[in-house]
Amino acid sequence: MKTPFSKMDGLGNQIIVADMRESTHALTPQAILSLAADSQTYFDQIMAIHLPTKKEADFRIEIWNADGSMANACGNGTRCVIAWLTDHNYGEIFRLETPAGIVEGKRQIDNLISVDMGCPNFNAKEMPVSREIIDTNHVELTAGPLRDACLVSIGNLHAIFFVENDIQYIPLEKYGSKLEHDPLFPQRCNISIACVTSQESLNLRTWERGAGLTQACGSAACASAVAAYRRGLTKRNIDVNLPGGTLNIFYREDDHIIMTGPVKYGFSGFLNPLTGSYKKDDF
């Protein structure tokens, strides 16, 4: 009962990529929580690779948060999957079936990984919110100094708060959980604070749904870039600076969002999908 896996790092976003294609057992809640609690395998998301169910996809991805809940999208995790598939010689360009739809990714010449995250959704009627919202560009939502959120769905829902001062001075660890569980969001929400530093860059911190305060969140970087452009604060192609590093986000004219950035490997090995026990590869 050996499932190959790699512990990876997407700008400080801790990711486990697990190849479940030949596994006869699904990941259990016990295994997920055990891996999350371990000092070496702790993660923000597990990206579980499965055989596709759609003919237009090469692989299917399940995404698990550290609290055992499932996610519809994970940008940095998707970049890690693309790197893993490339390094294991499965091809050069990949179409991945995710809960949010088909995403496409590839490794660039400079060794960075790019993923087409698809198109953002601003339609409140298609978002899991509990009340009618007329304009998702300006939503009444308050916690401390944070107010006037922009809601964007990148397959998962994000609330972005733009501030003029240094985002480090706002205790997101204090307000993040409160906003994540606000009654407006029956399925919870990712919460970010952003400060635009120029028409081509912004700084970002994110409280990730199901994971908490994180070093990086790829879908939040996409959502913040789109929200900033929508409010007329930035251009379409910008750098998003997160605590873990920088992602380039290109919001194309055709509405597709291209996210590009680095990934790193920690270690690889085999895990037991029932218990979460694991063994590292010997080098």
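Each residue, glycine too, has its Cβ placed from N, Cα and C.
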Q: May I ask you to find which of N89, N190, N237 Swiss-Prot records for the substrate site already listed with N13, Q45, N65, G75, N76, N156, E208, R209, G218, S219?
A: N190
Q: Work through the binding-site residues one by one (N76, N190, S219) and point out the residue whose CB has the fewest other CB atoms within 10 angstroms.
A: N190
Q | Set of same-chain residues at least 6 away whose C-beta sits under 8 angstroms from C217 (active site, proton acceptor) | A | N13, G75, N76, N190, S192, T206, E208, L242
Q: Give the sequence-ordered set of same-chain residues, not counting N13, Q45, N65, G75, N76, N156, N190, E208, R209, G218, S219, with Cβ within 8 Å of the centre of the Cβ atoms defining the substrate site.
A: D44, A71, A73, C74, G77, T206, A211, T214, C217, A220
